[in-house]
Every structure is written in C-alpha cells, then in structure tokens.
Amino acid sequence: MEPVLQARGKRENVLGNAREERCVPGFPSACEQKLEQEKLSGVVKRVHRDLRKKYREAGDFEKIWLEHCKDKGRLCEYAVAMKALADNHWAKKCEGEGRIEWCLGVCQEYFFNGGKKKAIEKDARRATLNKLQSPNHAEDGVSDFSVPNIKPLNDEYMTGKIRLLDVGSCYNPFLKYEDFLAVGIDIVPAVETVCKCDFLNLQIQRPLQFAPDAIDAFLKQLESPIDYLPAELFHVVVFSLLLSYFPSPYQRWICCKKAHELLTLNGLLLIITPDSSHQNRHAVMMKSWKIAIESLGFRRMTYSKFSHMHLMAFRKTSLKTTSDLITMNYPDMLYIPQDFNYDGEEDYFSPCCARSELEDEQLACGFTELPDTPYDSDSGESQNSTMPFYEFEDPILLLT
C-alpha cells in the first residue's frame with residue numbers, strides 16, 4: 001500500500017510542479033487572467049446566491065429588493081466585476097458571435113431588411129384566416145389577444161435610428177453602434193453613459209405625442225437618475241442576463257410587463273438568459289417562458305441556443321393585455337432552475353449540471369457560442385428539427 005501512496009504522491013508533485021511552471025514567465029498572463037476571472041465570477045455569483053437565499057427565507061421580494069438597492073458598496077463591487085468580466089474575458093472569447101452581436105443582427109434583419117414587413121403581413125393573413133373560421137367572432141364582442149393588432153404597412157421599414165433601452169446595462173455596449181439610439185439603465189451604473197434606474201419601480205407615463213425627431217431629442221436629454229418614462233417610447237428593449245438576476249418569478253413578470261408598456265407596437269423585446277447545459281435540457285422551461293411572455297401581448301419571433309445562453313426575440317403584437325393574467329399563473333411560469341435548488345450552490349454553473357471546470361468558473365454569459373438555431377414561433381418548427389411543437393403538451397401548462 002505504501003509504494004502506491006508514494007507513487008501517487010510523486011505523481012501529484014510532478015503535476016503540481018507542472019502547474020507552477022505554467023505560472024512562471026512565459027505563461028503569466030494566462031494564469032493571472034484565470035485567477036482574476038475566478039475572483040470576479042465569485043463576486044457576481046455570491047450576489048445572486050445571497051438574493052435567492054434571502055428571498056427563500058423571508059418571501060417578501062419587495063423588501064429584499066429595496067434592501068439590496070440600498071447596499072451601495074456591494075452593488076458597486078458587482079458593477080465593477082461585471083464590467084471587468086465583459087471587457088477582459090467575455091469579449092475576448094466570443095470571437096464575434098456574442099450576445100450583443102446577436103441583438104444587433106436580429107434588429108438589423110427586422111428593422112432594415114424586411115423582417116418587420118414580413119411579420120406584419122403574416123399577422124394580416126392570420127387575422128383573415130381567423131375571421132373566416134369564426135364569422136361571428138367580431139359580433140360576439142369577444143376580445144381575442146391571439147390576433148395581433150394590424151397596422152398599415154407604412155412604417156415597416158426603419159427610417160431613423162432604432163430607439164433601444166438596455167435594462168441592466170452596466171456599461172452600455174450598444175452605444176457604439178450607429179444603428180441605435182441606445183439608452184442604458186442600471187441600479188448602479190459602471191460607466192457615466194448609463195443612467196441610474198430601478199426598473200422594477202420605474203413609473204410608466206402616457207405616450208409622448210411627438211414627431212420621431214422630437215422623441216429622439218427627448219431621449220438624448222435624459223439624465224440620471226430616471227424615475228419615469230413615457231409608454232410606447234422604444235423600438236427595442238433588451239434584457240441581457242437580467243431576468244435570472246431577480247430571485248422571484250413575479251419580479252421577472254413585472255419586468256416583461258413594463259417592457260410591453262415601453263415598446264411601440266411591433267417593437268422587439270430581446271431576452272438573453274444564461275444556461276450552459278445542452279439545448280434540450282431546459283426545453284420545458286423555455287416553452288413555459290414563451291407562453292407566459294406571449295400572454296402579455298407578444299409573439300415570439302426568434303429563438304437561439306448558444307453554448308452558454310438562451311436568446312429570444314419577442315414582437316409586441318397588441319397594445320393591451322388581458323386582465324386576468326395573474327389568476328392564470330403566468331408569472332410563476334417565468335421560473336429558473338435556481339428557484340427550486342435549495343442545496344447551497346444554485347447557479348447555472350454548479351457541478352450538478354455536469355459543467356466543465358472552465359464553465360464552473362464563468363458566470364452565466366456567452367463566450368464561444370455554437371451556431372444559433374432560429375425558431376419560428378409562427379410555423380411551430382425549429383430550423384434544425386422538423387418536429388412541430390404543440391403548446392398544449394407542455395407539462396407546465398398541464399400543472400397550472
């Protein structure tokens with residue numbers, strides 16, 4: 001037994017010396033970057049974990065959120081860590097296919113390359129078909145939110161800049177693109193170009209009755225902090241790694257509802273949420289999210305799964321929502337795996353999800369993504385699968 005232990009000890013010493021040699025001159029940057037990334041990721045993970053723990057213990061998400069927003073020191077530490085991760089680690093590993101580039105591509109295709117026109121035309125065909133199938137539908141006075149509001153095709157192409165609101169922006173990555181008039185908001189901004197704003201408690205006012213250039217001027221003069229915004233102000237609202245930050249499904253629901261109010265008709269809600277598992281591991285959860293968000297007056301236009309995240313684009317198809325959304329349990333359908341994890345480590349990069357060592361070190365964000373797999377909600381089929389998706393087979397729906 002002793003020779004075995006001695007041999008094992010020698011082998012471990014050799015491996016240990018090899019690791020040390022990698023940190024000598026010649027390999028310093030890689031070692032330093034890895035250590036820095038571990039430290040920064042730990043800061044972010046602890047904030048998320050502590051929020052969920054407090055919510056499970058107290059159950060009052062409003063009180064917990066207010067206390068969280070008052071912890072300036074920790075919020076500043078979080079903002080600095082997120083910006084450092086984005087600048088020094090995530091951006092270098094995306095190789096041009098990151099979450100920001102995905103948002104840019106979706107917006108360009110939709111607003112400048114005819115995507116919006118095609119979507120509106122499809123709505124018109126769907127409305128005509130529904131009318132033919134239900135001739136007495138309009139006479140009965142029944143409000144059908146599955147039939148989108150049809151708007152004349154006089155604004156299907158964007159003529160000016162895309163007015164974009166980036167919620168939880170941290171460092172306003174969309175500001176560098178000429179296509180966007182970007183407004184970044186965060187509870188604790190990491191840079192001066194981001195306005196301080198608590199989106200959960202943002203007050204929504206009546207829409208502005210201004211010309212487009214006047215609305216652009218209004219956005220350009222916004223100052224921090226932002227406590228209120230007019231409705232129907234933006235063409236795009238982005239939730240990039242935002243919804244999983246909140247410990248309560250109802251908070252995620254509030255965010256999506258506010259996004260619906262802030263978007264113009266046919267505007268886009270882009271949602272990016274972390275997940276390092278394979279594409280089908282949380283397929284039921286993604287279907288549940290789709291149904292819940294569409295109930296607000298959206299229709300999912302695109303879905304993609306990268307190696308570390310889900311990416312979804314929803315189009316606002318109705319100016320109003322139904323009045324009984326809460327009783328239908330839609331808020332609870334915006335769940336994440338961590339909501340049911342009570343065993344301590346509860347983020348997407350925990351060992352129970354069979355992640356690699358490198359993935360365990362990284363926080364819920366995209367690094368080197370796989371090719372995206374667009375999903376057409378209208379057709380019910382994924383481009384990499386011919387199997388249709390029937391919503392009524394979703395176990396979450398059966399439970400609720």
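Residue positions begin at 1 at the first shown residue.
Cβ atoms are placed via backbone N, Cα and C, with glycine included.
Annotated S-adenosyl-L-methionine binding site per Swiss-Prot: Arg99, Gly168, Asp186, Asp198, Phe199, Ser240, in sequence order.
Positions of Swiss-Prot features highlighted on the structure.
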| residue | record | DSSP (3 states) |
| --- | --- | --- |
| Arg99 | S-adenosyl-L-methionine binding site | helix |
| Gly168 | S-adenosyl-L-methionine binding site | coil |
| Asp186 | S-adenosyl-L-methionine binding site | strand |
| Asp198 | S-adenosyl-L-methionine binding site | coil |
| Ser240 | S-adenosyl-L-methionine binding site | strand |
Fill in the blank from the handout: One residue among the binding-site residues Arg99, Gly168, Asp198, Phe199, Ser240 has the fewest other C-beta atoms within 10 A of its C-beta, namely Asp198
Practice task
Give me the non-local Cβ neighbours of Asp186 (S-adenosyl-L-methionine binding site): same chain, 6+ apart in sequence, Cβ-Cβ under 8 Å, ordered along the sequence.
Solution key: Ala79, Val167, Gly168, Ser169, Cys170, Val194, Cys195, Lys196, Cys197
